[in-house]
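Trainee: Pulled these from Swiss-Prot:
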ACT_SITE  S61  active site, phosphoserine intermediate
BINDING   D11, S61, D440, H441  Mn(2+) 2 binding site
BINDING   H122, R152, D153, R183, R189, R259, T260, D261, R262, K332  substrate binding site
BINDING   D399, H403, H458  Mn(2+) 1 binding site
Amino acid sequence: MNKKVILMILDGWGKSPDPKVSAIDNANVPFINSLYKNYPSAQLRTDGLNVGLPEGQMGNSEVGHMNLGAGRIVYQDLAKINLAVAHKTLAKEQVLIDAFTYAKENNKKVHFLGLVSDGGVHSHTSHLRGLIDASQEYGLDQVYVHAFTDGRDVDPKSGAKYIHDLQDYIKDTPVKIASIVGRYYAMDRDKRWERVKLAYDLVVNGVGTPSTNPVSSVLESYEKDVTDEFIEPVVIVDENAKPLATIVEGDVVIFFNFRTDRGRELTEALSQHDFHEQNMHKLNLYYVTLTNYDETYQNVKVVYNKDNITETLGEVLEKAGKKQIRIAETEKYPHVTFFFSGGREIPFEGESRILRNSPKVATYDLQPEMSAYELADALVPELNKGEVDFVCLNFANGDMVGHTGIMEAAIKACEAVDACAKKVIDAALANDYTTIVIADHGNCETMINPDGSPNTAHTTNPVPIILVDKQLKNIQDGVLGDIAPTILELMGVQQPNAMTCHSLL
């Protein structure tokens, strides 16, 4: 075979066992429904060991795109760090030993920053507990947690329990919670520096609502209808109404999120650049991140450095002299580039990139179509030219609007994706492209929890694979790692030995 191929990723578009709770099943999506009738389809697993995560762990976009491009199961940081915590080897990591030794010898505070939930997408509470244990093995007595509440990868009002459990865990130690703020502010990834500033001012300047009781502060936020993701800065104070701890020059900061994308902006403000407009100034800190957030950072130490994955789909196509396009809106642009390329920022020879900005709205339920139409309109002329051999396209809507937990908006998101998928696939068929329609993980097919509350998290449901091709009549079930070998078979390019998964044709 010598086909030209489009990989169309419908982000967050899973297969629901219960149509009542599914935005997809409640939406008017005639085109995607017609694909199931007219072309072969099967399902893919995107969770747990199928993608190199711990058993039962829901997949996510970073992991999904990494597996898709790699053509193999990529063992993730979450699984690696879980093992280190379980086997109590975290305290033996040299980077942590050096940080704790520096703190002890120089009488400096240690600040743990990160998302306090067991969502397992950006962080895990077990990792924080492991770090706390390690700090106590070193006899450190000035240890503070700056807790970012989640409400997005876990239920919107689960934060109070996570904070309660953390307090319970540290009650017989000198470790204290120093501040609380929602991830909306502390973990932005869309250059909304005005949000990041609130988190920066909280941890550096102690600016926030003063409190002596972390759990009560979270519960008070719920009473005002502000859920975990959006909790406004809370600074924990002592009996003299002074902040327990802020980050000052020379302190140790350990950012314990293992996923890289949402730790970058706060890290940049604290340690890399001055942002004069926001009055955020970098501090001279002993700064440690659990994984490598960015190769270019100066003076940031990394506990677990990733091995870059070689012989990804992009690299194999480069060697075969093929032209490729990576196309997405801002929210998923790193996924179709950096993650799909196995942790590589630089484009391959023959790779071009099309980016459209995600809409500047507070939350995507306000504009559920996002920038899907702009993506379709940008890609169709390229398909009509017929010069590109492979396209990796991501429609973000099902995931990003699914995360809001608002069913009506998610339905509109699905309908926008349906219309845009039609534009692209009509052009694909007219220009002799084969399209593989898949998702990287589930989300918008489960918008409601069994108790009736909104579900904002990813799921472990299987996702579809549809093979839109004029000749081929079969496709098998598989995992995300099987997609790159499938694409190579369609394109008539030899699969490298490093790709250990197999074609689903």
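Glycine is no exception: its Cβ is also placed from the backbone N, Cα and C atoms.
Walk me through the surroundings of each of these features.
Mentor: Secondary structure at S61 (active site, phosphoserine intermediate), taken from DSSP and collapsed to helix, strand or coil, is helix.
Its Cβ placed at the centre, H441 (Mn(2+) 2 binding site) has 28 other Cβ atoms within 10 Å. H441 (Mn(2+) 2 binding site) falls within neither a helix nor a strand when secondary structure is assigned with DSSP, and so counts as coil.
According to its DSSP assignment, D153 (substrate binding site) is coil. Sequence-distant neighbours of D153 (substrate binding site): residues of the same chain at least 6 apart with a C-beta under 8 Å from its C-beta are N60, S117, G119, G120, V121, H122, T456, A457, H458.
For D399 (Mn(2+) 1 binding site), the count of additional Cβ atoms within 10 Å of its Cβ stands at 30 [all protein chains shown].
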Trainee: Which of these binding-site residues is closest to R189 (substrate binding site) if you go by CA atoms: H403, D440, H441?
Mentor: H403
Trainee: What subset of the recorded positions D11, S61, T260, R262 lies within 10 angstroms of D399 (Mn(2+) 1 binding site), using C-alpha positions?
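Mentor: Candidates kept after distance check: D11, S61.
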Trainee: Should any of the recorded positions S61, T260, R262, H403 have a Cα within 10 Å of the Cα of D11 (Mn(2+) 2 binding site), which are they?
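Mentor: Cα filter at 10 Å returns S61.
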Trainee: What is the separation, in Å, between the Cα atoms of T260 (substrate binding site) and H441 (Mn(2+) 2 binding site)?
Mentor: 19
Trainee: List which of the recorded positions S61, R262, H403 have their Cα within 10 Å of the Cα of H441 (Mn(2+) 2 binding site), in sequence order.
Mentor: S61
Trainee: Measuring Cα to Cα, how many angstrom lie between S61 (active site, phosphoserine intermediate) and R262 (substrate binding site)?
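Mentor: Roughly 13 Å, rounded to the nearest whole number.
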Trainee: Let me make sure I understand the structure: which of the binding-site residues listed (H122, R189, R262, H403, H458) has the fewest other Cβ atoms within 10 A of its Cβ?
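Mentor: Sparsest of the binding-site residues H122, R189, R262, H403, H458 by Cβ contacts within 10 Å: R189.
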